[in-house]
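**Q** Sending over a structure as structure tokens; questions will come in a sec.
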Amino acid sequence: MSENMEELWSKTLEELKQQLSKPSFETWFQSTEPVEMSSTDLYISVPNEFTKDWLNSRYKNSIENSLKKISGKQLKIKFLLPGEKIKMEEQNNENEEKPESTSKKSSQGSEHTTWLNPKYTFDTFVIGNANRFAHAASLAVAEAPAKAYNPLFIYGGVGLGKTHLMHAIGHYVLSHQPNYRVVYISSEKFTNEFINAIRDNKTVNFRNKYRNVDILLVDDIQFLAGKEQTQEEFFHTFNTLHENDKQIIISSDRPPKEIPTLEDRLRSRFEWGLITDIQAPDLETRIAILRKKAYLEKLDIPNDVIVYIANQIDTNIRELEGGLIRVIAYSSMANKKITKETAEEALKDILPNKQPKKMTVEHIQKTVAQYFGLKVDDLKAKKRTRSVAFPRQIAMYLARELTDSSLPKIGDEFGGRDHTTVMHAHDKIASDLKKESHLNETIDEIKNLLHGD
């Protein structure tokens, strides 16, 4: 082949650039790089899994056609994530197919496989008021298994981070104690394996598998409700591990006392250690989660778009991140830049219809005061220190922009100030907005807070 892989990929990109819109090309191809080429395959590095999936599903045929046109050969395109190794044909075995698994051998010779998502670590977990205690408890357990809280019971709604914390515990333990036998399993899979073990007359093997571990992580324990035989088996598994100072971590969508048809003896054991909950994230945490997601996936998302999404989706982290992905995908398919307007279009079909509230000066005062850590009375008082005067000017500017109130009326709401004071504040902020990008971000964030209530 005459071209080396850099030349070949560069020519391919030029070809694709002619076929695609500028936003689509910049979104999906600008961060790609060739890393290896054989007689049949060209391996391309991509920044994140979302890009990999998108290129595979949407552009693979176009890329391979362009490659053939340029090189004269039918090359297959293969995308690699950062750190992902090229799979050779002779290495086609189970461990290669499932790189996320970590295998350990017990003294009885049975294989322990821990299924941990490499993305779910303490480093990627965003801490906020709604999950701070659960995070601290999980880290304490990871640092000192069976010494801090045993069992650790984490409960909360769907998509709030319970599974993330459980995987993070597993990763932390294995990174500090590589010889530990760590098993993560859902209660549904535990039940299915138990049923199969009874059917195949392999209950001894089943018990050896789960009673000879150092860390047992059981997700969604509420699904054991009503399954008497499985509860009986788990009861004895729990006892064996606890008596041998082995750590047990359990998650559920509700606390033990609210799980229906759960045997009292199991319920009481779940309450032996520490019970902690995770609530829905507040606005600040939702913004932080989206920023972290964008950073980890190497996505350039404008701040006002992140704030908008965080304001609109307040249910759980899974839907929040799903909203971000939807905006990215929509902007690419519609050949539009990622802006707040694009985000509004992308999310309009999945967001509940909200009747816009009539904006009031009082609502603006409360929101601005909260944003700057002040009291509403501070905005109405005669204080002229910058820490108060600047937020007051912003509040007056927004009151003039977003309400139907007259200048004298706005002045009255701010401690009986003259209408010329309101006019001066409005003009000053309007002028500063043309020069200071940071002020634009501040105003956008406050507007999003105002419309998000």
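Cβ atoms here come from the backbone N, Cα and C positions, even for glycine.
Okay, so Swiss-Prot annotates it like this:
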REGION    87-112  region 'Disordered'
COMPBIAS  87-103  compositional bias 'Basic and acidic residues'
REGION    115-331  region 'Domain III, AAA+ region'
BINDING   GLY159, GLY161, LYS162, THR163  ATP binding site
**Q** What's the number of neighbouring CB atoms sitting within 10 A of the CB on LYS162 (ATP binding site)?
**A** 25
**Q** When neighbour density is defined as the number of other C-beta atoms within 10 angstroms of a residue's C-beta, which of the binding-site residues GLY161, THR163 has the lowest density?
**A** THR163
**Q** Taking 10 A as the limit, how many CB atoms besides its own sit near the CB of GLY159 (ATP binding site)?
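**A** By my count, 17.
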**Q** So around the ATP site, GLY159, GLY161, LYS162, THR163 aside, which residues have their CB within 8 A of the centroid of those CB atoms?
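**A** Other same-chain residues near the ATP site: GLY156, VAL158, LEU160, HIS164, LEU165, SER251, ILE278, ASN316, ILE317, ARG318.
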